[in-house]
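Participant: When I checked TrEMBL for this same protein, it listed these features:
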type	residues	note
SIGNAL	1-21	signal peptide
DOMAIN	94-430	domain 'Peptidase A1'
ACT_SITE	Asp112	active site
ACT_SITE	Asp315	active site
Amino acid sequence: MALAIATFLFITLLSTTKTLAFDSCPSNEQLSVIPIYGKCSPFNTPKPTSWENTVINMASKDPQRLSYLSSLVAQKPNSAPIASGQQVFNIGNYVVRAKIGTPGQLMFMVLDTSSDTAWVPCSGCTGCTSTVFTPNTSSTYGSTDCSVPECTQVKGQSCPTAGAPGACFFNQSYGGASSFYATLSRDSLRLGTDVIPNYSFGCISAVSGSSIPPQGLLGLGRGSMSLLSQSMSLYSGVFSYCLPSFKSYYFSGSLKLGPLGQPKNIRTTPLLKNPHRPSLYYVNLTGISVGRVLVPIAPELLAFDPNTGAGTIIDSGTVITRFVEPIYNAIRDEFRNQVKGPFTSLGAFDTCFASTNEAVAPAIILHFTGMDLVLPMENSLIHSSASPLACLAMAAAPANVNSVLNVIANLQQQNLRILFDTANSRLGIARELCN
């Protein structure tokens with residue numbers, strides 16, 4: 001009964017501005033992915049003036065994201081709603097409903113497959129938004145001592161003396177231009193119908209910069225502090241997501257946790273692990289085709305190299321797919337060769353053309369070991385609402401980022417089920433409409 005009353009009050013509150021849309025929003029029990037600017041969003045953010053401006057603004061943060069990346073068994077199926085974000089989140093573009101503490105406090109946390117430690121803004125935080133987690137109202141909250149192993153595993157930790165008693169504080173940068181100061185803490189984390197007790201996360205007390213997600217971050221990386229590592233007995237190192245289009249206003253995406261409920265028939269490619277960047281999900285990209293033409297690319301530009309960090313990763317926080325410049329230039333030149341010009345630029349996109357020529361636009365095919373991914377046209381092109389233009393929705397990695405990384409980003413992952421199976425070292429991809 002209490003849950004029903006709380007749900008009614010939550011819906012009533014949101015319906016003052018979203019009355020017509022809320023019938024399409026899922027319940028709080030679902031692990032949906034929700035759009036930060038959508039009709040079901042709890043944030044009072046300005047609605048985007050146009051679809052392409054939203055993507056351009058979000059993609060403008062990608063260079064900082066790439067700089068950041070270069071520095072760094074459930075009993076039943078469990079699913080949480082996911083939605084796309086917008087420029088107010090700067091680098092994190094998808095959020096999931098989570099509850100922290102007892103009773104649970106609702107937070108909309110950014111999903112980040114390239115980060116490990118979870119963190120949320122806490123009461124008294126300097127530079128945080130008005131929505132914060134209040135530790136003193138949770139009966140299960142506790143800070144983490146410097147003497148416990150988790151303190152040594154979190155990046156940027158600072159203790160008076162190694163292994164000495166005292167709260168474990170840490171300082172981290174995020175997105176390349178922002179940082180925060182936090183206390184390593186423990187409390188219950190609820191995702192969908194599951195509760196993970198004694199979950200280790202950062203309780204943020206100070207923020208600097210504008211790239212810190214306003215209601216925190218849930219790390220889905222491969223490190224020791226990530227969700228996968230802290231819930232290994234529950235989810236066996238397996239999760240998947242379907243990311244809805246940025247244009248979707250509903251809680252239509254989903255995060256599925258654990259091996260149960262995952263697609264049975266799904267194409268897979270091996271996951272590779274880099275000891276120098278252990279949080280990242282590397283895959284072996286062997287080639288790229290534009291239409292029927294296999295683009296000539298020097299093998300060393302695609303090769304996985306654990307010594308340098310070179311290779312290709314799947315990342316949920318970068319907006320548009322970025323290739324090292326020689327690779328992107330080769331893709332762009334072949335694409336232009338098959339599409340009638342002239343070509344113009346629009347923000348991060350340098351290959352825009354009259355949308356009347358879209359019918360001859362070739363498909364982009366990503367060739368992985370054991371699997372080919374033919375990108376749907378909606379994942380390859382972005383359209384301008386202000387003019388009859390279509391643009392190739394990819395770009396070169398910024399020249400000032402010596403990351404040697406190729407990044408398959410979230411725009412190219414939309415409306416696909418992406419399966420991360422660390423237990424069997426594989427990544428799977430299946431077509432799924434989650435808008």
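Each residue, glycine too, has its Cβ placed from N, Cα and C.
Any TrEMBL annotation is an automated prediction that lacks curation.
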Participant: Which number gives the other C-beta atoms within 10 angstroms of the C-beta of Asp112 (active site), all protein chains shown included?
Facilitator: 27
Participant: How long is the line from the C-alpha of Asp315 (active site) to the C-alpha of Asp112 (active site), rounded to the nearest angstrom?
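Facilitator: The separation of the Cα atoms works out to 8 Å.
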Participant: Can you work out the mean pLDDT of the predicted model over the domain 'Peptidase A1' (94-430)?
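Facilitator: Here the mean pLDDT over the domain 'Peptidase A1' (94-430) amounts to 92.
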Participant: Suppose we draw a 10 Å sphere around the Cβ of Asp315 (active site). How many other Cβ atoms does it contain, all chains included?
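Facilitator: Cβ-Cβ neighbours of Asp315 (active site) within 10 Å number 23.
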